Ligand code: CP
């Protein structure tokens, strides 16, 4: 693996999930791989889990870690991504120099840059990731981009597989449901897109049955929703489900808009009772009692803490693959 921008960079998903589980069982087995190697963690947006889990994973592999918050008023200059422009605005440094310079200090660069939710075509072009990949000269890792959050999706796959290993009550081909949750703020589609992308591959391989449920108007981009079954009635979608994956996203069609805040889409224990003792998953952070009831998050059916813990092992599995090529 030379870059990890999306699922397309993964050649063997089963092996990568197993590598995450192996790292969890034996975190320091590959410390030699990262010795005298440095990873730069570049954040255009806030983070708790991604920042800490990726740093921890890199350290488990023996790497040195540098973190930089980008943007005016942050650690570094605002970065201009457009080519050929007169830089007379608030961006003091161009990505051509910035990426090339960071690439001289770091052996791997990992970047978080969310969708701006103003211009759909611009967001879906993934300009920040592609500009870093073009000019850095070292492997690039996606820490959540405009359209995807692949380290989260890998952690989600690890979490589902781990839950199956722990419980004989979960079937070999579980029903996994991605449900939209209400929120008053417009949030990116990246986590939902990515989860669909990865679950569709798991479904095509016969590992899961995958269903997506959301109010009308919240259809995800066709290239992400793929062949997933879309059901507009949440109760119907939840029937017999083994895993409920909650996430809010803003509209793709009416780009970046909040079309409804219907509280009936929030997940409660009454909703979970429609499932097959279904486990609840969410990437976090989550706003309690707006998107999910306390009673769900605090119940034994919630996997959210273990899911967040597995971010360390998904990052470690990916960094290991990249370090093996150096
Ligand atoms: N799930 C996730 O990416 O969390 P952070 O935004 O805190 O990194």
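From the backbone N, Cα and C atoms, a Cβ is placed for every residue, glycine too.
On a predicted model such as this, the values are computed, not experimentally measured, just so you know.
Here is what TrEMBL records for this protein:
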- 47, 48, 49, 50, 77, 112, 149, 150, 151, 152, 283, 284, 311: carbamoyl phosphate binding site (BINDING)
- 144, 183, 247, 287: N(2)-succinyl-L-ornithine binding site (BINDING)
- 3-162: domain 'Aspartate/ornithine carbamoyltransferase carbamoyl-P binding' (DOMAIN)
- 207-320: domain 'Aspartate/ornithine carbamoyltransferase Asp/Orn-binding' (DOMAIN)
Helix, strand, coil: count each for the residues of the domain 'Aspartate/ornithine carbamoyltransferase Asp/Orn-binding' (207-320), based on DSSP.
37 helix, 20 strand, 57 coil
Report the same-chain neighbours of residue 287 (N(2)-succinyl-L-ornithine binding site): residues 6+ apart in sequence with Cβ closer than 8 Å to its Cβ, ordered by sequence.
183
What three-state class does DSSP give residue 151 (carbamoyl phosphate binding site)?
helix
Under 8 Å by Cβ from residue 283 (carbamoyl phosphate binding site), counting only residues of that chain that are 6 or more apart:
49, 149, 152, 156, 191, 247, 307, 308
Which of these binding-site residues (47, 49, 283, 287) have a C-beta closer than 6 Å to some atom of ligand 1?
47, 49, 283
Within 10 Å of residue 144 (N(2)-succinyl-L-ornithine binding site), Cα to Cα, which of the binding-site residues 77, 151, 311 are there?
151
Return the residues near residue 47 (carbamoyl phosphate binding site) by Cβ distance under 8 Å, restricted to its own chain and a separation of at least 6 in sequence.
112, 143, 144
